[in-house]
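Colleague: What follows is a single structure, and I will ask about it in a moment.
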């Protein structure tokens, strides 16, 4: 939510709608999490699927993934994301005289004649915008289910228990994944840049698929997860150094190298970006393995809300900014936008808890208590 809020206020980075207030310094802060924030979600998704496969039959896991991800995705494309497209086209002046009803008729019609200036599904007028994560993780989940069904891992309770020396742990977790990210970038980034359209998005599939596989590895090789906290300090130090180089590459920090050393640093740009991506992800996971191993009471309500908030928040942000951007509110604009988004996300969650149909459409799959 904070990242998408920030997207409205940073120059040069395209988004669906932009505020009149732009902040170059905010770009440096957002650049810190830009590379690894989605990888973290795929790692956690891989862990969740691996845990489910240890506890439930494979076909049950597949059915649950289809229901819990597929229904909110379809609802998102045809209900929750449609207002985002309307506001984007309105804000850019492409449908200045069109009302929402007329727009919706064009959007829902597979042969609708809306301007092709947003992230459409090819020739179709539909889009999933920020919900692109759902078809990707659904695909990887079903592949994991298929693998677990074909390769009988001792009735789903398989675990790797190889012993690693501390140096082996350092090499395996600090270096190898960074090298894999780098190789993926070298082979696929130029030929298949990110498009979030699922079809032909091979760089994204390779990198996010790697993150998903890493998530499953933490579960089936518990020794790795148990020893992750020992990597907190080295991963943070190396990640900080790599991020400093990233800021130099993008011109946010002055270059401190010269001559042949500068040429060498420039030649290593691809690997530095890949290392930065992995090292911050590893640091966050290591911190989680140290401090979030206890099921704190305050975590449960957050876990219950997070998927609903994810589905709703961007639509609320875009609609809210469209309403507020011409009011010249200064610093009050992002503050009101954030508070309003949190309020409406919570309202959506509470409604989803009370009405099971809305719960399915918003990804809230909990038992609905009968109304008195």
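Placement of Cβ uses the backbone N, Cα and C atoms for every residue, glycine included.
Annotations in TrEMBL come from automatic prediction, not curation.
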Colleague: With the ranges 17-35, 36-54 to choose from, which does TrEMBL describe as transmembrane segment?
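Modeller: TrEMBL lists transmembrane segment for residues 36-54.
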Colleague: To which of the residue ranges 102-121, 202-221 does TrEMBL assign the term transmembrane segment?
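Modeller: In TrEMBL, residues 202-221 carry the label transmembrane segment.
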Colleague: Are the transmembrane segment (336-368) and the transmembrane segment (36-54) close enough to be called in contact, which here means at least 3 C-beta pairs under 8 A that are separated by 6 or more residues?
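Modeller: Stretch pair does not touch.
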Colleague: Verify whether three or more Cβ pairs under 8 angstroms connect the transmembrane segment (228-250) with the transmembrane segment (167-190), leaving out any pair fewer than 6 apart in sequence.
Modeller: yes
Colleague: Report, as numbers and ranges, which residues of the same chain sit near the transmembrane segment (36-54): CB under 8 Å and 6 or more residues beyond its ends.
Modeller: 3, 61, 64-65, 133, 136-137, 140-141, 144-145, 148, 156-157, 207-209, 211-220, 276-278, 280-281, 284-285
Colleague: Among 66-87, 133-155, 202-221, 228-250, 306-324, which stretch has the highest count of C-beta pairs below 8 Å with the transmembrane segment (278-294)?
Modeller: 228-250
